[in-house]
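Before any comments, here is the structure.
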Amino acid sequence: MSLETFRESKAYKWTSKVISFLIGQWFFIFLGVFIALAHSYPEFAKQGGTIRAEYSIGYGAVAVIFLISGLSMSTKQLLVNVANWRAHFTVLSMSFLVTSAIIYGIASGIKASHNGQIDDWLLIGLIVTHACPTTVSSNVVMTKQAHGNDILTLCEVFIGNVLGAFITPALLQMYMRGTWEIGNPSHQTQGDSTVQELYAHTMKQLGLSVFVPLFVGQVVQNIFPKQTKWCLTTFKLNKVGSFMLLLIMFQSFSTAFAQHAFTSVSHASIIFLVFFNIGIYLFFTVLTFFYSRPFWILRVFKEEPNESSSKLYRYSYAFFRPFYYNRKDTVAVMLCGPAKTAALGVSLVSSQYGSHNPKLGIILVPLVLYQAEQVMTANVLVSFMRKWIHAEDKVPEDEETSVGSDNDPKK
(Lines of atoms letter the chains of each structure in order from A and count residues from 1; the text may use other names and numbers.)
(Lines give C-alpha, C1' and ligand atoms only; values in the text may rest on other atoms or scores of the structure.)
Protein backbone atom coordinates (compact mmCIF):
# COMPACT_ATOMS: atom_id res chain seq x y z
CA MET A 1 0.00 0.00 0.00
CA SER A 2 1.43 3.37 -1.06
CA LEU A 3 1.60 6.37 1.26
CA GLU A 4 -1.01 8.27 -0.76
CA THR A 5 -3.40 5.31 -0.67
CA PHE A 6 -2.94 5.00 3.10
CA ARG A 7 -3.71 8.69 3.57
CA GLU A 8 -6.93 8.25 1.62
CA SER A 9 -8.04 5.33 3.79
CA LYS A 10 -10.82 5.68 6.38
CA ALA A 11 -8.51 4.48 9.16
CA TYR A 12 -6.04 7.30 8.50
CA LYS A 13 -8.79 9.95 8.29
CA TRP A 14 -10.43 8.80 11.54
CA THR A 15 -7.06 8.62 13.30
CA SER A 16 -6.23 12.15 12.14
CA LYS A 17 -9.57 13.43 13.41
CA VAL A 18 -9.05 11.79 16.81
CA ILE A 19 -5.52 13.20 17.12
CA SER A 20 -6.70 16.68 16.08
CA PHE A 21 -9.52 16.50 18.63
CA LEU A 22 -7.12 15.45 21.41
CA ILE A 23 -4.70 18.25 20.51
CA GLY A 24 -7.59 20.72 20.58
CA GLN A 25 -8.58 19.49 24.05
CA TRP A 26 -5.05 19.53 25.47
CA PHE A 27 -6.07 21.91 28.26
CA PHE A 28 -8.68 19.53 29.69
CA ILE A 29 -6.42 16.50 29.27
CA PHE A 30 -3.57 18.14 31.17
CA LEU A 31 -6.02 19.40 33.79
CA GLY A 32 -7.16 15.83 34.41
CA VAL A 33 -3.54 14.69 34.69
CA PHE A 34 -2.68 17.46 37.17
CA ILE A 35 -5.75 16.73 39.31
CA ALA A 36 -4.76 13.04 39.42
CA LEU A 37 -1.20 14.00 40.42
CA ALA A 38 -2.53 16.39 43.08
CA HIS A 39 -4.67 13.57 44.51
CA SER A 40 -1.80 11.06 44.56
CA TYR A 41 1.01 13.42 45.62
CA PRO A 42 -0.60 16.42 47.39
CA GLU A 43 2.56 17.23 49.38
CA PHE A 44 4.47 18.10 46.20
CA ALA A 45 2.62 21.26 45.11
CA LYS A 46 0.59 22.24 48.17
CA GLN A 47 1.22 25.54 49.96
CA GLY A 48 4.37 24.98 52.02
CA GLY A 49 5.04 21.70 50.20
CA THR A 50 8.07 20.28 48.40
CA ILE A 51 8.34 22.98 45.73
CA ARG A 52 6.98 25.77 47.98
CA ALA A 53 4.16 26.34 45.52
CA GLU A 54 3.03 29.54 47.22
CA TYR A 55 6.20 31.07 45.75
CA SER A 56 7.19 28.93 42.75
CA ILE A 57 3.65 28.82 41.34
CA GLY A 58 1.79 31.51 43.30
CA TYR A 59 4.36 34.09 42.26
CA GLY A 60 6.29 32.47 39.40
CA ALA A 61 3.47 31.14 37.21
CA VAL A 62 1.32 34.24 37.71
CA ALA A 63 4.32 36.47 36.91
CA VAL A 64 4.86 34.64 33.60
CA ILE A 65 1.22 35.26 32.60
CA PHE A 66 1.46 38.99 33.29
CA LEU A 67 4.91 39.29 31.72
CA ILE A 68 3.38 37.94 28.50
CA SER A 69 0.50 40.42 28.89
CA GLY A 70 2.97 43.26 29.33
CA LEU A 71 4.87 42.20 26.22
CA SER A 72 1.74 42.05 24.06
CA MET A 73 -0.35 45.09 25.07
CA SER A 74 -0.21 48.71 23.99
CA THR A 75 0.83 51.18 26.69
CA LYS A 76 -1.60 53.76 25.29
CA GLN A 77 -4.50 51.31 25.48
CA LEU A 78 -3.50 50.34 29.01
CA LEU A 79 -3.85 53.97 30.13
CA VAL A 80 -7.18 54.33 28.30
CA ASN A 81 -8.61 51.27 30.05
CA VAL A 82 -7.32 52.32 33.47
CA ALA A 83 -9.48 55.45 33.08
CA ASN A 84 -12.62 53.46 32.15
CA TRP A 85 -14.38 54.00 35.50
CA ARG A 86 -17.72 52.73 34.17
CA ALA A 87 -16.28 49.28 33.51
CA HIS A 88 -14.67 49.29 36.96
CA PHE A 89 -18.04 50.09 38.54
CA THR A 90 -19.82 47.37 36.56
CA VAL A 91 -17.29 44.65 37.38
CA LEU A 92 -16.88 45.57 41.05
CA SER A 93 -20.62 45.80 41.71
CA MET A 94 -21.28 42.50 39.94
CA SER A 95 -18.28 40.68 41.43
CA PHE A 96 -18.77 41.74 45.04
CA LEU A 97 -22.38 42.80 45.55
CA VAL A 98 -24.69 41.10 43.03
CA THR A 99 -23.14 37.62 43.03
CA SER A 100 -22.65 37.46 46.80
CA ALA A 101 -26.21 38.69 47.51
CA ILE A 102 -27.74 36.06 45.21
CA ILE A 103 -25.64 33.27 46.73
CA TYR A 104 -26.52 34.48 50.23
CA GLY A 105 -30.21 34.19 49.36
CA ILE A 106 -29.79 30.70 47.85
CA ALA A 107 -27.70 29.45 50.79
CA SER A 108 -30.21 30.84 53.28
CA GLY A 109 -33.01 29.04 51.43
CA ILE A 110 -31.11 25.72 51.54
CA LYS A 111 -30.37 26.19 55.25
CA ALA A 112 -34.04 26.95 55.95
CA SER A 113 -35.04 23.67 54.26
CA HIS A 114 -33.07 21.77 56.97
CA ASN A 115 -31.43 19.42 54.47
CA GLY A 116 -29.18 17.26 56.64
CA GLN A 117 -27.00 16.16 53.69
CA ILE A 118 -25.72 19.69 53.02
CA ASP A 119 -23.38 20.82 55.80
CA ASP A 120 -23.97 24.35 57.13
CA TRP A 121 -20.23 25.04 56.95
CA LEU A 122 -20.30 24.10 53.27
CA LEU A 123 -22.98 26.74 52.73
CA ILE A 124 -20.82 29.20 54.68
CA GLY A 125 -17.97 28.32 52.30
CA LEU A 126 -20.32 29.02 49.39
CA ILE A 127 -21.07 32.51 50.72
CA VAL A 128 -17.38 33.13 51.43
CA THR A 129 -16.45 32.04 47.89
CA HIS A 130 -18.78 34.53 46.24
CA ALA A 131 -17.72 37.35 48.54
CA CYS A 132 -14.16 36.96 47.20
CA PRO A 133 -12.75 39.15 44.40
CA THR A 134 -12.43 38.07 40.79
CA THR A 135 -9.65 35.68 39.82
CA VAL A 136 -6.37 37.07 38.51
CA SER A 137 -4.75 34.75 35.99
CA SER A 138 -7.55 32.83 34.27
CA ASN A 139 -9.51 35.99 33.42
CA VAL A 140 -6.60 37.44 31.46
CA VAL A 141 -5.84 34.13 29.70
CA MET A 142 -9.48 33.47 28.76
CA THR A 143 -10.18 37.03 27.60
CA LYS A 144 -7.13 36.88 25.36
CA GLN A 145 -8.28 33.55 23.90
CA ALA A 146 -11.75 35.02 23.25
CA HIS A 147 -10.14 38.04 21.50
CA GLY A 148 -11.79 40.32 24.06
CA ASN A 149 -10.31 43.40 25.70
CA ASP A 150 -7.68 41.67 27.82
CA ILE A 151 -6.19 45.05 28.78
CA LEU A 152 -9.45 45.99 30.48
CA THR A 153 -9.50 42.57 32.15
CA LEU A 154 -6.02 43.16 33.54
CA CYS A 155 -7.15 46.49 35.03
CA GLU A 156 -10.23 44.88 36.59
CA VAL A 157 -8.39 42.00 38.24
CA PHE A 158 -5.79 44.34 39.72
CA ILE A 159 -8.36 46.81 41.09
CA GLY A 160 -10.69 44.03 42.28
CA ASN A 161 -8.01 42.16 44.20
CA VAL A 162 -6.57 45.29 45.82
CA LEU A 163 -10.04 46.31 47.05
CA GLY A 164 -10.95 42.71 47.86
CA ALA A 165 -8.68 42.67 50.89
CA PHE A 166 -11.05 45.25 52.43
CA ILE A 167 -14.41 44.45 50.82
CA THR A 168 -14.46 40.67 51.40
CA PRO A 169 -14.00 40.85 55.22
CA ALA A 170 -16.66 43.60 55.34
CA LEU A 171 -19.11 41.46 53.33
CA LEU A 172 -18.51 38.48 55.63
CA GLN A 173 -19.30 40.64 58.65
CA MET A 174 -22.51 41.77 56.95
CA TYR A 175 -23.68 38.31 55.84
CA MET A 176 -22.58 36.26 58.86
CA ARG A 177 -25.26 37.49 61.22
CA GLY A 178 -28.46 36.05 62.60
CA THR A 179 -28.92 32.52 61.30
CA TRP A 180 -25.30 32.56 60.00
CA GLU A 181 -23.75 33.84 63.24
CA ILE A 182 -21.79 30.59 63.62
CA GLY A 183 -19.75 31.52 60.54
CA ASN A 184 -18.88 35.06 61.62
CA PRO A 185 -15.07 35.44 61.48
CA SER A 186 -15.15 37.48 64.70
CA HIS A 187 -16.14 34.30 66.57
CA GLN A 188 -13.14 32.35 65.23
CA THR A 189 -10.33 32.33 67.78
CA GLN A 190 -7.84 30.78 65.38
CA GLY A 191 -7.47 33.77 63.05
CA ASP A 192 -3.92 34.05 61.71
CA SER A 193 -3.60 37.70 60.76
CA THR A 194 -5.20 41.12 60.94
CA VAL A 195 -6.75 42.93 57.99
CA GLN A 196 -3.64 45.14 57.83
CA GLU A 197 -1.36 42.11 57.54
CA LEU A 198 -3.66 40.57 54.94
CA TYR A 199 -3.59 43.77 52.89
CA ALA A 200 0.20 43.92 53.10
CA HIS A 201 0.37 40.31 51.89
CA THR A 202 -2.06 41.08 49.05
CA MET A 203 -0.09 44.12 47.90
CA LYS A 204 3.15 42.14 48.02
CA GLN A 205 1.64 39.31 45.97
CA LEU A 206 0.03 41.62 43.40
CA GLY A 207 3.12 43.81 43.24
CA LEU A 208 5.62 41.02 42.62
CA SER A 209 3.45 38.73 40.47
CA VAL A 210 1.36 41.29 38.53
CA PHE A 211 2.74 44.84 38.57
CA VAL A 212 6.50 44.15 38.28
CA PRO A 213 6.28 41.62 35.38
CA LEU A 214 3.69 43.82 33.63
CA PHE A 215 6.01 46.84 33.95
CA VAL A 216 9.01 44.84 32.70
CA GLY A 217 6.97 43.58 29.74
CA GLN A 218 5.90 47.12 28.85
CA VAL A 219 9.48 48.43 29.01
CA VAL A 220 10.84 45.58 26.85
CA GLN A 221 8.00 45.96 24.34
CA ASN A 222 8.57 49.70 23.90
CA ILE A 223 12.37 49.36 23.60
CA PHE A 224 12.41 46.27 21.34
CA PRO A 225 9.01 46.24 19.53
CA LYS A 226 10.03 44.09 16.53
CA GLN A 227 11.94 41.52 18.55
CA THR A 228 9.09 41.29 21.08
CA LYS A 229 6.52 40.67 18.36
CA TRP A 230 8.76 37.98 16.85
CA CYS A 231 9.11 36.20 20.20
CA LEU A 232 5.35 36.29 20.85
CA THR A 233 4.51 34.70 17.50
CA THR A 234 7.49 32.32 17.20
CA PHE A 235 7.27 30.79 20.67
CA LYS A 236 3.44 30.94 20.87
CA LEU A 237 3.57 32.52 24.31
CA ASN A 238 -0.24 32.56 24.62
CA LYS A 239 -0.09 28.75 25.03
CA VAL A 240 2.50 29.24 27.77
CA GLY A 241 -0.02 31.38 29.65
CA SER A 242 -2.61 28.59 29.49
CA PHE A 243 -0.06 26.09 30.84
CA MET A 244 0.80 28.44 33.72
CA LEU A 245 -2.91 28.52 34.51
CA LEU A 246 -2.87 24.72 34.78
CA LEU A 247 -0.01 24.94 37.29
CA ILE A 248 -2.02 27.38 39.40
CA MET A 249 -4.95 24.95 39.47
CA PHE A 250 -2.51 22.12 40.29
CA GLN A 251 -1.43 24.09 43.36
CA SER A 252 -5.05 24.73 44.45
CA PHE A 253 -6.04 21.07 44.18
CA SER A 254 -2.86 19.89 45.90
CA THR A 255 -3.57 22.19 48.84
CA ALA A 256 -7.20 21.04 49.00
CA PHE A 257 -6.27 17.34 48.91
CA ALA A 258 -3.53 17.87 51.52
CA GLN A 259 -6.11 19.45 53.84
CA HIS A 260 -8.52 16.54 53.19
CA ALA A 261 -11.06 19.08 52.00
CA PHE A 262 -12.98 16.69 49.74
CA THR A 263 -13.21 13.91 52.34
CA SER A 264 -14.48 16.26 55.06
CA VAL A 265 -17.92 16.56 53.46
CA SER A 266 -20.46 14.03 52.18
CA HIS A 267 -20.55 12.72 48.60
CA ALA A 268 -24.00 14.31 48.23
CA SER A 269 -22.49 17.70 49.07
CA ILE A 270 -19.73 17.31 46.47
CA ILE A 271 -22.22 16.24 43.77
CA PHE A 272 -24.46 19.18 44.69
CA LEU A 273 -21.53 21.61 44.47
CA VAL A 274 -20.29 20.30 41.11
CA PHE A 275 -23.62 20.84 39.37
CA PHE A 276 -24.51 23.98 41.32
CA ASN A 277 -21.20 25.66 40.41
CA ILE A 278 -21.64 25.07 36.69
CA GLY A 279 -25.24 26.28 36.76
CA ILE A 280 -24.56 29.37 38.85
CA TYR A 281 -21.49 30.31 36.78
CA LEU A 282 -23.53 30.16 33.56
CA PHE A 283 -26.35 32.11 35.22
CA PHE A 284 -23.96 34.82 36.42
CA THR A 285 -22.36 34.98 32.95
CA VAL A 286 -25.74 35.59 31.30
CA LEU A 287 -26.68 38.09 34.03
CA THR A 288 -23.39 39.95 33.50
CA PHE A 289 -24.08 40.10 29.76
CA PHE A 290 -27.40 41.90 30.30
CA TYR A 291 -25.78 44.05 32.99
CA SER A 292 -23.10 45.08 30.46
CA ARG A 293 -25.54 45.76 27.62
CA PRO A 294 -28.80 47.07 29.18
CA PHE A 295 -31.47 47.04 26.47
CA TRP A 296 -33.16 50.16 27.85
CA ILE A 297 -30.13 52.31 27.02
CA LEU A 298 -30.54 51.70 23.28
CA ARG A 299 -34.27 52.42 23.51
CA VAL A 300 -33.86 55.67 25.43
CA PHE A 301 -30.78 56.94 23.57
CA LYS A 302 -31.55 56.03 19.96
CA GLU A 303 -29.68 58.92 18.38
CA GLU A 304 -26.58 60.92 19.06
CA PRO A 305 -27.26 64.39 20.48
CA ASN A 306 -27.36 67.28 18.04
CA GLU A 307 -27.94 71.03 18.25
CA SER A 308 -31.70 70.57 18.65
CA SER A 309 -31.29 68.13 21.57
CA SER A 310 -32.04 69.35 25.08
CA LYS A 311 -29.28 69.77 27.65
CA LEU A 312 -30.83 66.98 29.73
CA TYR A 313 -30.64 64.57 26.77
CA ARG A 314 -27.05 65.56 25.95
CA TYR A 315 -25.84 65.14 29.53
CA SER A 316 -27.82 61.93 30.05
CA TYR A 317 -26.49 60.51 26.78
CA ALA A 318 -22.90 61.35 27.73
CA PHE A 319 -23.31 59.71 31.15
CA PHE A 320 -25.43 56.62 30.46
CA ARG A 321 -24.72 55.62 26.83
CA PRO A 322 -21.14 54.39 27.51
CA PHE A 323 -22.57 51.87 30.02
CA TYR A 324 -23.64 49.90 26.93
CA TYR A 325 -20.24 48.34 26.25
CA ASN A 326 -18.82 47.23 22.94
CA ARG A 327 -18.40 43.50 22.36
CA LYS A 328 -14.75 43.21 23.36
CA ASP A 329 -15.37 45.08 26.60
CA THR A 330 -18.51 43.03 27.25
CA VAL A 331 -16.56 39.77 27.00
CA ALA A 332 -13.97 41.14 29.44
CA VAL A 333 -16.71 42.06 31.91
CA MET A 334 -18.49 38.71 31.40
CA LEU A 335 -15.34 36.81 32.32
CA CYS A 336 -14.49 39.03 35.31
CA GLY A 337 -17.96 39.35 36.88
CA PRO A 338 -18.74 35.71 37.82
CA ALA A 339 -15.15 34.56 38.43
CA LYS A 340 -13.66 34.10 41.91
CA THR A 341 -10.02 33.87 42.98
CA ALA A 342 -8.66 30.86 44.82
CA ALA A 343 -5.16 32.34 45.21
CA LEU A 344 -6.22 35.38 47.24
CA GLY A 345 -9.35 33.56 48.44
CA VAL A 346 -7.36 30.96 50.37
CA SER A 347 -5.34 33.73 52.04
CA LEU A 348 -8.51 35.62 52.92
CA VAL A 349 -10.22 32.55 54.36
CA SER A 350 -7.13 31.50 56.33
CA SER A 351 -6.68 34.98 57.78
CA GLN A 352 -10.34 35.22 58.77
CA TYR A 353 -10.92 31.68 60.07
CA GLY A 354 -7.38 30.47 60.86
CA SER A 355 -5.26 27.90 59.02
CA HIS A 356 -5.72 25.41 61.89
CA ASN A 357 -9.50 25.81 62.09
CA PRO A 358 -11.06 22.29 61.93
CA LYS A 359 -13.75 23.66 59.57
CA LEU A 360 -11.27 25.26 57.16
CA GLY A 361 -11.23 22.27 54.80
CA ILE A 362 -15.02 22.37 54.42
CA ILE A 363 -15.03 26.14 53.84
CA LEU A 364 -12.40 25.79 51.09
CA VAL A 365 -14.23 23.05 49.14
CA PRO A 366 -16.64 25.43 47.32
CA LEU A 367 -13.79 27.84 46.53
CA VAL A 368 -11.46 25.22 45.04
CA LEU A 369 -14.21 23.48 43.07
CA TYR A 370 -15.62 26.76 41.77
CA GLN A 371 -12.20 27.87 40.54
CA ALA A 372 -11.69 24.66 38.58
CA GLU A 373 -15.19 24.63 37.13
CA GLN A 374 -15.17 28.31 36.18
CA VAL A 375 -11.97 27.76 34.20
CA MET A 376 -13.34 24.65 32.46
CA THR A 377 -16.67 26.31 31.68
CA ALA A 378 -15.02 29.52 30.48
CA ASN A 379 -12.69 27.46 28.28
CA VAL A 380 -15.78 26.11 26.51
CA LEU A 381 -17.46 29.52 26.29
CA VAL A 382 -14.48 31.39 24.80
CA SER A 383 -15.03 29.93 21.33
CA PHE A 384 -18.62 31.23 21.31
CA MET A 385 -17.47 34.59 22.66
CA ARG A 386 -14.80 34.81 19.96
CA LYS A 387 -17.37 34.12 17.21
CA TRP A 388 -19.71 36.73 18.69
CA ILE A 389 -16.95 39.35 18.77
CA HIS A 390 -15.95 38.72 15.15
CA ALA A 391 -19.56 38.61 13.96
CA GLU A 392 -19.57 42.43 14.08
CA ASP A 393 -16.56 42.53 11.72
CA LYS A 394 -18.97 41.66 8.89
CA VAL A 395 -21.07 44.74 9.68
CA PRO A 396 -19.62 48.08 8.50
CA GLU A 397 -20.93 49.98 11.52
CA ASP A 398 -22.32 48.27 14.57
CA GLU A 399 -24.75 50.76 16.07
CA GLU A 400 -24.90 48.75 19.27
CA THR A 401 -21.23 49.18 20.04
CA SER A 402 -19.82 52.22 18.29
CA VAL A 403 -22.10 55.05 19.32
CA GLY A 404 -21.19 56.76 22.56
CA SER A 405 -18.72 54.13 23.70
CA ASP A 406 -15.60 55.13 25.58
CA ASN A 407 -13.61 52.67 23.50
CA ASP A 408 -13.66 52.05 19.80
CA PRO A 409 -14.94 48.49 19.19
CA LYS A 410 -12.36 47.98 16.48
CA LYS A 411 -9.56 48.29 18.99
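In case you wondered, yes, glycine gets a Cβ from its N, Cα and C as well.
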Swiss-Prot: matching membrane side for Ser9 and Leu360: no
Tally of DSSP helical, extended and coil residues in the topological domain 'Cytoplasmic' (291-329): 24 helix, 0 strand, 15 coil
Listed stretch, out of 90-110, 121-141, 330-350, 362-382, that has the most CB pairs under 8 angstroms to the transmembrane segment (270-290): 362-382
Remote residues contacting the topological domain 'Extracellular' (111-120) - C-beta distance under 8 A, at least 6 residues beyond either end: 179-180, 182-183, 265-266, 268-269, 272, 362
Stretch in 90-110, 121-141, 243-263 most in contact with the transmembrane segment (53-73), if contact is a CB pair under 8 A: 243-263
